[in-house]
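S.K.: Before anything else, here's the structure in question.
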Amino acid sequence: MSRPLSDQEKRKQISVRGLAGVENVTELKKNFNRHLHFTLVKDRNVATPRDYYFALAHTVRDHLVGRWIRTQQHYYEKDPKRIYYLSLEFYMGRTLQNTMVNLALENACDEATYQLGLDMEELEEIEEDAGLGNGGLGRLAACFLDSMATLGLAAYGYGIRYEFGIFNQKICGGWQMEEADDWLRYGNPWEKARPEFTLPVHFYGRVEHTSQGAKWVDTQVVLAMPYDTPVPGYRNNVVNTMRLWSAKAPNDFNLKDFNVGGYIQAVLDRNLAENISRVLYPNDNFFEGKELRLKQEYFVVAATLQDIIRRFKSSKFGCRDPVRTNFDAFPDKVAIQLNDTHPSLAIPELMRVLVDLERLDWDKAWEVTVKTCAYTNHTVLPEALERWPVHLLETLLPRHLQIIYEINQRFLNRVAAAFPGDVDRLRRMSLVEEGAVKRINMAHLCIAGSHAVNGVARIHSEILKKTIFKDFYELEPHKFQNKTNGITPRRWLVLCNPGLAEIIAERIGEEYISDLDQLRKLLSYVDDEAFIRDVAKVKQENKLKFAAYLEREYKVHINPNSLFDVQVKRIHEYKRQLLNCLHVITLYNRIKKEPNKFVVPRTVMIGGKAAPGYHMAKMIIKLITAIGDVVNHDPVVGDRLRVIFLENYRVSLAEKVIPAADLSEQISTAGTEASGTGNMKFMLNGALTIGTMDGANVEMAEEAGEENFFIFGMRVEDVDRLDQRGYNAQEYYDRIPELRQIIEQLSSGFFSPKQPDLFKDIVNMLMHHDRFKVFADYEEYVKCQERVSALYKNPREWTRMVIRNIATSGKFSSDRTIAQYAREIWGVEPSRQRLPAPDEKIP
């Protein structure tokens, strides 16, 4: 497995991040051997590369456990306010390298594996991604956990341990096929099952009203078993916990209905209960009102709240005896953050526990609930908003429906008092939507039941106040805040782009890794020839490495000197991968028209998954691959234009492609992308952005200066005006010859000669019912892309612009985001203080 060292690798050994201590390396080798033999029960004659990965993982994990136990002891002794981040998704990716980075073990492990004749990078590639998320929302939760640990907050991530995460995407004949993601097949060395904290969760049943109050009876019980994963902060010896619940049937499941011969069936039917945590719903920005999904949402909430209350009541470390019974202090000790409306049932569930079980009166319980809960909104797309049918809630959670009705009644009384006589406002603001199917609007429930409501970028938060939540803002303006999203610089710079992290550290030191605003110091290097050269060199090395990866994995040849033009994100009409396609075809047609004219060579890479039931998104993937089939095999084009669909885009692939990108495509219709976080990752890794004034792009352009950003297209106001006037695609088709040619090519089967009408649905949508107005931005987009190519011809000026972008990306650290949540929503103060290491005395 060992190979000669490249110059870059030899240079790594004189890293400013310090050499591996000899005794450290010896110790790691000893522990590696111990785990190979005693944990995995293998010797070198029968060990596979996967065994070596597991041995290394266990060796690294050993360095976490002392810190993990210490951290939890510290929290029990200090009893700080706890932060509970509730999310149906945590898109964690791989854990090994991130743990080594945060614990400063990377060099020592690299040296130890090298001395054992192993290649650490090859071992890292064996780890499965923990793909427990769809896209941005789940990845944000993962970045937030990293930042909360790095800022020393007593924080816990709570979610579901899906047996199957986001599907693996295979492209067959240009079409997306889904494959189950059996990520736990070989076991997960990072989790620790905690069966002793298993808790019951109730479903169905009925409500009995007694003199003591309401009782929820005759329920079906499913057990929630927690699995804990350590979350290390950056070099501060803090290790927090992500606790994921797995569904288990109770031992007496269905056996009370026991009849002769029924026993076997009863045992087989245990699967029905355990299906709750079987699979992640693969929808991004789309609501699918299925009973199993509602069960998942209640399952995580019910188990988590029991855990929160148990921890609140027992103030001593490891003690399960109730101590605190007064809930007045609950909001001073507990903050619950709802990541979108998916965990919104936390509000009625907390009310149920306080009123029915803890016997608080309604007003006191409501005060506690509102002070405890806060809600983050992630989208304004109407099809993404959760509206659960009343009949489903009535069957599955009858007591919660009653509580929601009571919340609604009291809420509407407040609205009526504040706006007397405004009947339509009552209808608009009700948690209950009347119609053919009566529904509960979960966003309205969250706003009513939270003390803070935030959007995830400044423009998004403004849109919330002016449009979908306008009525609520007028009632309670103090609730509404903005918290612009961020990304963790540990994973998204130090881990994925060590070359860039290194040359930055050589100029400004290493403190920027936990204080990203320090990147501003790089502004004084914009004209430094050596730094310009270094930045360009690192980018070229990353491009060569990614080109080699594509060749190895997909047998795809690309020109590493071409401009790497990258759009990677979920496939969705609002993200406008189709606009990108129109540009690619424009470039192709121009080359065909003037084959001898110089063009800046481009490799256009598009990647992302389509929800399995989203027909248009799947057609878009087929179109991208079809364009590639034509463009990549046209001898006239040569290597001046290549179109690559990146199969199975996921966290571990993002870590490879983002550092190699020259151009980042962030081209959603203004007003549709709440924030975006991929945009920030590209900026931090030295790509330039072409984008609309949408989501966080607005703030990125503000930080970098608009002259260092390729901005095009309609602003939100322009989109609104166009809506009022009526968007007519035909106007653009008639006026723009290049656009007309493309649509004719799509209609005539130019890109699908065996099936001429293959793309008729796409053409029909673009021409007649395109909600996202692709044609309206086409001309400006193509012109803006010409400016991109022109700048790319001047490598020095391009790199200077890159440096300005990197230097102004500090705002987009999730450390900044979390510090704002902490101070402005949770009422806690972040801290960069180190805990003592396990081998240090506690002061």
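A Cβ is built for glycine as well, from the same backbone N, Cα and C atoms used for every other residue.
Here the structure is a predicted model, which means the values were calculated and not measured.
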S.K.: Out of Lys465, Lys681, Lys754, which one does Swiss-Prot list as N6-(pyridoxal phosphate)lysine?
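M.R.: My reading of Swiss-Prot gives Lys681.
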S.K.: Can you see whether DSSP assigns Lys681 (N6-(pyridoxal phosphate)lysine) to helix, strand or coil?
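M.R.: Lys681 (N6-(pyridoxal phosphate)lysine) sits in a helix per DSSP.
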S.K.: Looking at the modified residues Ser430, Ser747, Ser748, which one has the fewest other Cβ atoms within 10 Å of its own Cβ?
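M.R.: So among Ser430, Ser747, Ser748, the modified residues given, the one with the fewest Cβ atoms within 10 Å is Ser748.
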S.K.: I need the nearest neighbour of Cys143 (site 'Involved in the association of subunits') among the recorded positions Tyr156, Tyr204, Tyr227, using C-alpha distances.
M.R.: Tyr156
S.K.: Under a three-state reduction of DSSP output, how is Tyr204 (phosphotyrosine) classified: helix, strand, or coil?
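M.R.: The residue in question, Tyr204 (phosphotyrosine), is coil (DSSP, three-state).
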S.K.: Within 10 Å of its Cβ, which one of these recorded positions (Ser314, Ser514) has the largest number of other Cβ atoms?
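M.R.: Counting Cβ neighbours within 10 Å, the top one is Ser514.
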S.K.: Counting across all protein chains shown, how many other Cβ atoms sit within 10 Å of the Cβ of Phe312 (AMP binding site)?
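M.R.: Result for Phe312 (AMP binding site): 18 other Cβ atoms within 10 Å.
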S.K.: For the recorded positions listed here (Arg310, Lys681), which one has the lowest count of neighbouring CB atoms within 10 Å of its own CB?
M.R.: Arg310
S.K.: What's the CA-CA gap between Tyr227 (phosphotyrosine) and Cys109 (site 'Involved in the association of subunits') in angstrom, rounded?
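M.R.: So the alpha carbons of Tyr227 (phosphotyrosine) and Cys109 (site 'Involved in the association of subunits') sit roughly 27 Å from each other.
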S.K.: Could you tell me which of these recorded positions, Tyr156, Tyr204, Tyr227, Tyr473, has the fewest other Cβ atoms within 10 Å of its Cβ?
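M.R.: Looking at the recorded positions Tyr156, Tyr204, Tyr227, Tyr473, the Cβ with the fewest others within 10 Å is that of Tyr204.
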